[in-house]
Amino acid sequence: MHPLSVLSLGIFVAGYITARWDLVTRLYELAIFAWDYGVVTRAAKGFALLTFVYLLIFIPVERLATKEANLRSADMPENDGLMRIFWPTDIQRSDLPGVVVGWRNSSLDVFVVAILDDVDVSTPPERQLSQQLTNKQAGHVEFALKIGTLFRNSPHPVNSIYERCGHGAMHVLGLTNPSDAVVLDPSLFVATTPAGVKAPRITCAKALSIQIILYDRPRPSRMQYISLNPISLALGNKEAPGLPPTEHMAEEEKQELKAKEQKRKLVEKLKLHTITKRNPSPKEKALPKIVNQINWSWELEQLLQKNISRIGTRPKRTLSVSERVVENVTTVRNFVWDLLILYVLPLIQWGFVYMLMGHRAVAEFLLQILEFRLKDNYLALKDISATAQQVEIRLQQFCYWPMQYTTLRQRKNDWESVTTSHPDYIRFYNSLWLVANDVIIGIALGSYIIDNAEWAASAISELLRVYTVEALQRSISWLMGWPAGLKLNEELALFLGDLFLWVIDYWSSELLRSELSEAIADSYMLDCIAALQPVLPHIIWFIGFSSFAGASMPIAMFSDLLSGLTIHIYSFYLASARIYHWQLTILISLFHLFRGKKHNVLRNRIDSCDYDLDQLLVGTILFTLLFFLLPTVVVFYLNFAVARMAIISFKAVFDTLLSCLNHFPLFALMLRVKDPRRLPGERRPLSQAVSFD
């Protein structure tokens, strides 16, 4: 330390002692008292005793526990004496001697893929790579696995299999049904596979006990696989190309996305504050690798069994006459097919691509119209009309289908055991099935609507006249009196009732005034339903004709028709709700006035305030008037709120039907019934385990 720093520190300590001299004196007296009465001695003895116990007991126990835990965690899959063997239940069983081939995850953790029976070993290989194997069959198979003989004519690169299964090569794991004179490496096992027994009898010199885990192999050709997580059939949030992350979203969607992101971050923070955190064991860490090995086992066995005849030498012979004829015919057929692919297929492809591009351009233009907003907080056409929303769904499906189909076509460029495209396959065909069923149901529904358009129009007009005009008029007239004995303000009830009745009369006669003369309209005072009677059958016929595009279109149009014909109820609801809100807000403000408070708009809080006598007097008068007028406003608001809720209930039924027709997982449920292995749901035991010593 610098001398000046030491001097500064000394000056500071001296100054502090001088300023706190009384405190220093008391501390000195306390220290003398503790020394005289043996407090310091007893404390020193206790500290020495605790140090002695800690050094002799706690530190050695902690070191031993740490050492044992590290050794146990490091040697668990290797040196615990338990050998795990994953054995397929559908593997072929015979009494012939064979070689067991698979993955060696550790010296005592092996995964069986195939059994190669009756391997031809008439001539030994040029080089024997595995010097420890004394059995000729096992040596030839190990040599063939290392040089890739058993992977000849594979449709795709074998390196991708090694990467997904977590190993650089497959190995010989043991022998089946060998002779008694066979001498094996201690790491290899001997299995007896009688034809009638499901689990084999296995012995291994290196293992103290053996656990056989039987598993059912999924068939990649049927798109079967297992997974640690349930399959997700929902489409992810894909941002539009060329746009910032939330630029194409509405304000409500942005807020909802922001809230979801906030909740996700909170959940991630909560995971960091767990009380106990258990580290996964090595066997648990190896579980994803074992799942991949199970998914690839069927396809690997087919490839190995196909190339089993390549082990050893094979006599060569010339082709027979029939084989030469077949070869020539195949050559001519391939020549003609190559000409068609070279000249005709490109023309068809380009024509189809240009047609799709034209349809895509039209679809994108219509989507821009449906999603156009005058301002950010304004509603788009798809948010107002159910028909526009249904058209948008169909256009989006049309734009997404080519991309889904292209993704599915790319499956042929890789192994069938690759499961990344299976959810896309289910989503694609689920949407196709939904559209096909929608069109089939729509054709039947449209035929019925077109044949009964007159009857449907008259029934709809009668229902609307009775429930949207006459019932509303009767309820308003009832509220203008004393409903259920409730004494309302007569003047306000008459004013509101006359206002709403006048609007109903104007609404019910306005549509007819544009077609008939004013004298006829004034004389008959026909309502809107009567005015719609000449036009309504044509509207119903058009709705029935639109059902040939799917049953969802007439349902959406009926929902919009209901919204249009009940717009007067929606207007009444908005007006009464606004009046009720204003009155309730004023009453709350006047109540704060009586308490000597006021609402601070800038800080959004309630502050104290001193009011004059005239202000309190005016507030009392206004509060009394508004409080006695509140029941009258409430009953009118409840009347129109109930009517609005009834309409919303009908629209909810229509929306539920649309959701079922557009998003029901029909194809997934069919797969669940037909083949549950194509829809992995959760982590379960593979099949069963057989353990013996």
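Note that Cβ sites are derived from N, Cα and C of the backbone, with glycine treated the same way.
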Legend entry - TrEMBL annotation (transmembrane segment) - matching range among 14-35, 652-673: 652-673
Legend entry - Proximity of the transmembrane segment (539-559) to the transmembrane segment (579-595), 3+ C-beta pairs under 8 angstroms: no
Legend entry - Contact check, the transmembrane segment (652-673) vs the transmembrane segment (431-450), 3+ Cβ pairs under 8 Å, seq sep 6+: yes
Inset, instruction - Taking the transmembrane segment (579-595) as the first stretch and the transmembrane segment (431-450) as the second, find out whether 3 or more Cβ pairs fall under 8 Å, excluding pairs closer than 6 in sequence. - result: no
Inset, instruction - Sort out the residues at least 6 away from either end of the transmembrane segment (616-640), same chain, that have Cβ-Cβ distances under 8 Å to it, and list them. - result: 475-476, 479, 483, 486, 488-489, 492-493, 496, 500, 569, 572-573, 576-577, 579-580, 583-584, 586-587, 590-591, 593-594
